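Database features, via TrEMBL:
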{"type": "BINDING", "residues": "Asn40, Lys57, Asp246, Pro247, Glu248", "note": "ATP binding site"}
{"type": "BINDING", "residues": "Asp229, Arg345", "note": "substrate binding site"}
{"type": "DOMAIN", "residues": "34-266", "note": "domain 'Aminoglycoside phosphotransferase'"}
Amino acid sequence: MSAYHPLTEAEAIEYARRLPDLFHAESELVSREIGDGNLNLVFHISEPSTGRSIILKQALPYAKVVGESWPLTLDRARIESEALMIQESLCPDLVPHVHVYEPDLALTVMQDLSDHVIMRRGLIEGNRYPLFAGHIGRFLAHTLFYTSDLGLNQQEKKERVKRFINPELCKITEDLIFDDPYTDSPNNNVPPAIRDAVGAVWGDGELHLEVAILRQKFLTSAQALLHGDLHTGSIFITQESTKVIDPEFAYYGPMGFDIGAVFANLLLNFAAQEGWSADEASRRDFRAYLTGTIRDTWNNFEREFRRLWDAHGVDRMSRTAGYQDYYMRTLLQDTFGFTGAKMVRRVHGLAQVADINSLTDEAAKERAQRIALSIGTTLIKFNRQASSIEQLIEIADKAVQ
Ligand code: SR1
Ligand code: MG
C-alpha cells in the first residue's frame, strides 16, 4: 500500500495492523472515519480487547468542504506532522504525539484524544475550562518565541522558513480571510438577514485600508512558525488538559495571527450567547468567563514570552533598551487586527462556525451575526491604536450593551 489513494476504513485497519508496537497481530481492530473538518479524512482505529487506539489522519488531494474542484497539495500532511513535532519538542503536554508520518499516503499516525472534546463543541455546551488560559498562553509563548529570531539562531530559522513555505494553504487564508469578506465574492455565504451589514463591510474604505495592512503582514512578516489555523475547532480539551491539533496551515507569519485566532473564536462564542444562554444573567456570566479567558491568555502569554526573552534570547540587539516594549505593543496591535479579521470571515465568508450557525432561533442567530461583525470591524479599525488588552474586552462588552 504505497501509492497515494484515499484509504477506506478497511485499508486503514490493514495499515494500522502493520505499525510496530501498537496492536496485537491477531486481534480485532475497529475503524471509524470521524473527520468533520473542512479538508481531511480522519480514522479512529481501536482494539477493543486492550482499549488501545490511535488516529490516522490522511490529507485528501482537494478541499473536502468544497469538493474535487478545489485541488489542494498533499504536502500539507508533511507540514502538519513536522509542525506537530516541533511543537511537541517545545510543549510536550499540549499537542498529540505523532507516532509515524507516511509521506506516500500523506498520512499521519497520532495519539488518540477521544477522551477530550473539541473546544468549540465544549463551549457551545456551556462548559468552562479554567486551565485553558494558562495552557494556551504557554503554548503561544513557547511556540512563537522559540521559532522566531528572538529564540532561534537566525540561520536555522531561515532553514525552517524554507521547510514551511506553505503557498497553497496560505492562499486559502489570503483569499478567505483577507479578501473575499470585503467584496461581493462568489466564495462568500452571506446570510440574507444581515445583507445590509455585509454591504456596509463591502463599502467601508477605512476598514479596507486596515485589512490591506493586516494582509500585507500576513503575506510578508515571517516572525515565527505559526499554527496558522488556531480556532477552537483545532483544540481538544478537558478540565485538566489542552491539546492543540491540526497545524496544516503552519507557515512563518506574524505572531498576532495565532493569538488573534484564539481570541476571535472565543468572541464568536461570546456573540453566539445571544442564542445559547437561557437568560440575561447567565449570558452576562458566560460572556465574562470568555473575556476573562482572553485577558488571562494575553497576560499569561505576555509574562511568559517576556520571561523567555530575558532568560533565553539569542539576539544581542533584542536586548536594546525599549525594544521589547515596542515589540510587545506592536504584537498586541496585530492581535487586535487579526482577531477582528478572523471574526469577520466567519460571519459571511466561505467557512463559518457552529457557535453561530447551529443556533436554531433565527432572531438570535441574526443578533449574534451582527454582534460578531460589529466587534470584528471595530477591532480591525482600532488595531493600530491599541495599547492594552482591556480595550479589546471593552470593545466586545460595548457591542452587547
Ligand atoms: C477551504 S478550507 C476553509 C477553512 O477551513 C480551515 O479550518 C481554515 O480555517 C480554512 O480557512
Ligand atoms: Mg483544521
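All positions are counted from 1 along the displayed chain.
In case you wondered, yes, glycine gets a Cβ from its N, Cα and C as well.
No curator has checked TrEMBL annotations; they are predicted automatically.
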Contacting binding-site residues for ligand 2, chosen from Lys57, Asp229, Arg345 when the Cβ sits under 6 angstroms of any of its atoms: Asp229
ATP site shell beyond Asn40, Lys57, Asp246, Pro247, Glu248, criterion: Cβ within 8 Å of Cβ centroid: Gly37, Leu39, Ala59, Arg76, Ala77, Glu80, Thr108, Ile245
Average model confidence [pLDDT] within the domain 'Aminoglycoside phosphotransferase' (34-266): 97
Binding-site residues close to ligand 1 - of Asn40, Asp246, Glu248, Arg345, only those whose C-beta is under 6 Å away: none
C-beta crowding around Asp229 (substrate binding site), within 10 angstroms: 23
Residue with minimal Cβ packing [other Cβ atoms within 10 Å] among the binding-site residues Asp246, Glu248: Asp246
Length of the line joining the Cα atoms of Arg345 (substrate binding site) and Glu248 (ATP binding site), in Å: 19
Count of other CB atoms lying within 10 Å of the CB belonging to Lys57 (ATP binding site): 24
ATP binding residues Asn40, Lys57, Asp246, Pro247, Glu248: largest Cα-Cα distance, in Å and rounded to whole number: 12
Residue pair Lys57 (ATP binding site), Asp229 (substrate binding site) - Cα distance, angstrom, rounded: 17
Between Asp229 (substrate binding site) and Pro247 (ATP binding site), the C-alpha gap once rounded to whole angstrom: 7
